[in-house]
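Student: The ATP binding site annotation in Swiss-Prot covers G174, D175, R176, K177, T178, G179, K180, T181. Here Swiss-Prot flags 505-520 as compositional bias 'Basic and acidic residues'. What Swiss-Prot lists as region 'Disordered' is 505-526. According to Swiss-Prot, the site 'Required for activity' annotation covers S367.
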Amino acid sequence: MGRLRPEEISSILKGAITDYESRVRTEEVGQVLEVGDGIARVHGLSNVMYQEMVEFEDARGEKVIGLALNLEEDNVGVIIAGDDRYILEGSTVRRTGRLASVPVGQGVLGRVINALGQPIDGRGEIQAEETRPVEIIAPGIIRRKDVDTPLQTGIKAIDSMIPIGRGQRELIIGDRKTGKTALAVDTIINQHDQNVKCIYVAVGQKDSAVAGVVAQLEEYGAMEYTTVINASASQPAPLQYLAPYAGCAIGEYFMHRGEDALVIYDDLSKHAVAYRQMMLLLRRPPGREAYPGDIFYLHSRLLERAARMSEEYGGGSLTALPIIETKAGDISAYIPTNVISITDGQIFLDLDLFNANQRPAIDVGLSVSRVGSSAQIKAMKKVAGTLKLDLSQYRELASFAQFGSDLDKATQETLARGERLTALLKQRERDPMPVEEQVAVIFGGTQGLLREVEPDDVPDWEAQLREYLRSSHEDLLKDIREKKELTDETAERLREAIERFNEGFEPARSEVKVETRPQEEEGEEG
């Protein structure tokens with residue numbers, strides 16, 4: 001190898017200096033001033049963003065995620081989304097530059113994850129297409145369209161009288177142990193042929209209750225299109241706070257792809273309690289019932305993200321079914337009234353009805369769907385149009401009838417009809433019904449074709465009628481299913497079919513009557 005001349009060395013050095021790029025990696029690092037109860041006060045992160053994820057290095061050398069929520073002049077209040085036992089005064093905290101986000105896509109379906117999107121089902125890492133921020137601004141008015149497509153729950157009482165549309169927010173509210181979680185799980189099971197992706201968010205529930213819900217979803221094949229997010233009572237309040245937003249972000253991914261998604265928040269009462277705990281520890285001023293001043297905004301910004309997108313923006317939808325637990329049936333308390341005012345209607349479950357074996361225990365008088373009727377199929381609207389009024393009249397007359405026995409014939413007929421309609425709306429748990437069968441069954445009830453059937457025999461009548469129509473009149477059911485209408489000709493054919501069935505109907509009196517919805521319920525403690 002020849003020697004380099006001095007001028008060559010000089011030119012090589014000049015070239016190296018010219019091509020040199022300085023790469024300086026800067027990190028903003030802070031120190032923990034105090035820590036306790038899942039909250040840390042941190043000094044030194046002067047440029048941290050609101051809701052930015054930060055990384056603690058604990059005494060074991062492990063990394064723990066936190067979320068910056070209080071941005072004060074000389075320190076930052078951080079909620080710790082993990083084990084804070086080994087985070088000590090003086091521990092190092094680093095900015096990540098990322099807002100809280102979760103993995104989304106087909107890879108999360110069939111999985112059980114925590115509020116940070118980490119798998120907790122022991123089935124390995126999640127193969128996600130991308131991540132989405134858990135907090136995002138809801139779509140504006142221009143990007144939305146009217147709710148015009150039904151979300152079939154498979155529950156007769158809901159699909160007929162309190163219909164839910166895709167993109168709607170319908171509150172399920174009631175005392176503990178009244179069947180709230182059962183309604184939600186049945187709705188998920190009914191989506192098996194509806195092409196709706198489901199997200200079930202459990203906040204503050206027992207792990208055993210959530211495991212029970214997952215087992216039921218697996219048994220009915222519903223986990224294939226469902227993601228379960230578990231932020232149980234044993235997990236830190238920050239994870240319970242984040243869980244609904246994480247579930248919403250996963251649902252939004254499908255909505256923005258033009259698909260339909262359903263997200264269930266079980267329940268937002270415990271979500272509000274977790275938020276109150278965090279805010280009190282961060283020393284934010286308490287208001288009514290010690291909740292912070294922005295408790296309404298906590299839920300409104302979550303539920304406003306449910307939408308039916310216009311065709312120009314993909315035409316997808318995100319339907320929200322939040323659950324609220326009341327105390328002694330008091331729906332006028334702070335959190336229940338907040339969420340009632342945010343949502344597009346509510347399904348109120350009554351403990352007295354539940355104990356009287358009317359299950360699902362829906363109080364028709366207090367339940368309403370403000371936008372769902374425009375999404376209801378025409379066939380259901382036609383057969384169930386007077387159902388709510390008939391039941392209201394029956395309940396009113398029944399309360400007066402107990403005081404006297406001298407009732408005129410018209411009153412007796414109204415009571416008898418109401419008794420049969422009430423029995424007709426009972427439904428077993430985990431037995432969602434296709435909408436065409438619902439139309440046929442309710443048609444029989446509202447058209448007086450149950451007159452000769454004893455109220456106790458109505459469940460047998462319904463089960464046998466469904467079997468009879470499936471075996472002998474499949475064309476009739478197919479006609480209702482595909483056209484979604486009940487023309488005069490179809491109605492006449494249906495009437496004739498039910499009348500023929502009634503002639504040979506024999507109640508199976510030896511069988512045990514409908515033990516409807518015996519509820520091990522609620523992923524909540526009830």
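Yeah, the Cβs are placed from backbone N, Cα and C, and that goes for glycine too.
Would you situate these features in the structure and describe their surroundings?
Tutor: For the recorded site, G179 (ATP binding site), the DSSP three-state label reads coil.
Here the Cβ of S367 (site 'Required for activity') has 22 other Cβ atoms within 10 Å, regardless of which shown protein chain they belong to.
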Student: For G174 (ATP binding site), which DSSP three-state class applies?
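Tutor: Strand, per DSSP.
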Student: Rounded to an integer, what is the Cα-Cα distance in Å between D175 (ATP binding site) and S367 (site 'Required for activity')?
Tutor: 14
Student: Using Cα coordinates, what distance in whole Å links K177 (ATP binding site) and S367 (site 'Required for activity')?
Tutor: 18
Student: By the count of other Cβ atoms within 10 Å, pick out the sparsest of the binding-site residues R176, K177, K180.
Tutor: R176
Student: Drop a 10 Å sphere on every Cβ of the binding-site residues G174, G179 and tell me which sphere holds the fewest other Cβ atoms.
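Tutor: Across G174, G179, these binding-site residues, the one with fewest Cβ atoms within 10 Å is G179.
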Student: Near T181 (ATP binding site), how many other Cβ atoms are within 10 Å of its Cβ?
Tutor: 28
Student: Mind giving me a neighbour count for D175 (ATP binding site)? Other Cβ atoms within 10 Å of its Cβ, every protein chain shown.
Tutor: 20
